[in-house]
Amino acid sequence: MSKGKIIVAMSGGVDSAVTAGLLMEEGYEVIGVNLRTWEYEAPVCDTTKKSCCSPEDIRDARDVGLSLKIPFYVVKMEKVFQEKVIDRFIDDYQHGKTPNPCVECNTFVKFGALFEKAKALGIDKIATGHYARIVRNGERYAISNGVDIGKNQAYYLYGLSQENLKNVTFPLGGMTKPEVREIARRMGLSVADKAESQEICFIPENDYRKFLEKKHVEFTPGFFKLRDGRIIGKHKGRENFTIGQRKGLGIAWRNPLYVIAIEDDGSVILGEENETYAESFSVIDVNYQGFAPLGEGESFECRVQVRYRHTPIRCRITKMNEDLVVNPLEEVRGVTPGQSAVFYPLNSDYLLLGGIIRKGSIRMQVAKEESAIAFRS
């Protein structure tokens, strides 16, 4: 007996292929969908480079659909991808931030827009090949990391709504990558040993600076400064830098220097290693998953992860106006505006909430005040 229809987002990789195969074995009527998000036109992209969502990946996804004997469709998502991912990517760099396009893509395209397409077809359920699980915390749903510690992808999924979480399934959450490849071989899938892409899909050369140049973005030149306001050099564009960066500065100094702030006027503030640690920072555009929205002034302890592959640390968060103020209780460096911060309970691995790191921390704000005094004197 059929369990009903389900849409599987098929990228052309082994993970989504096995997801489709497993759901078929469970009795679902699987419909494969590939999301065409990006027009691969020269000279912006070199299609000979390996990246996800490429024409090669679409062909691989279609081949898997034929092998599994399931309906397969390519759905055009270029417009929403341009608005929600690429335009934001460019805007963030133009404002001194370091964007996280994979988070935006998951939130607005792979789940947001795909769910809308599914509902238009009268289908409630979708599935993807993410290594994640869904748990319940009381009346709320939340993402939890998968069992494969090398593939934990909860960080990229904090933007999913409660409605999304009720209707999505992740069949690979309880598996490891080697196990998934072995299942693909058993199923006779052509992508069983296909290499993974590590690049942003619309930047196959993994060079965002070249991408910005080809999109005719005007870089904002300025000065390299120390925290006390001293000018120690010039640069050709703040878009070339990110918080925590050490290489490629071209500044000779007695000790290694790191980017610790990027200013609105184009100034790039440099400091030594001990100046890279955040005292506090704020988070905006918060989405709550396993935790009910905080009231004004409410506060509690949890753990925060400030980038992918970062080990979560203890912190205290407080709701202030529309923002969350985060006070780390352990040392953390490289807190980067534009990147995502996600929060977990102290003793569990499911997501409480997440949001975008806003520019500045208390430590950096103090530095700005000191710099202003230095310039006035």
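The first residue you see is number 1, and the count goes up from there.
Each Cβ is built from the backbone N, Cα and C atoms, and glycine gets one as well.
Values in this document were obtained by computation on a predicted structure and should not be read as measured data.
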Swiss-Prot annotation, ATP site containing Ala9, Met10, Ser11, Gly12, Gly13, Val14, Asp15, Ser16, Leu35 - matching residue among Gly129, Gly138, Gly146, Gly150: Gly129
Per-residue Cβ crowding (10 Å cut-off), top of recorded positions Ala9, Leu35, Cys105, His130, Gln339: Cys105
Minimum Cα separation from Ala9 (ATP binding site), reported as the residue among recorded positions His130, Cys201, Gln339 that achieves it: His130
Cα proximity to His130 (site 'Interaction with tRNA'), best match among recorded positions Ser11, Gly13, Asp15, Leu35, Cys105: Asp15
Rounded inter-Cα distance in Å - Cys105 (active site, nucleophile), Asp15 (ATP binding site): 18
Nearest-integer angstrom distance between the alpha carbons (Cα) of Gly13 (ATP binding site) and Cys201 (disulfide bond): 13
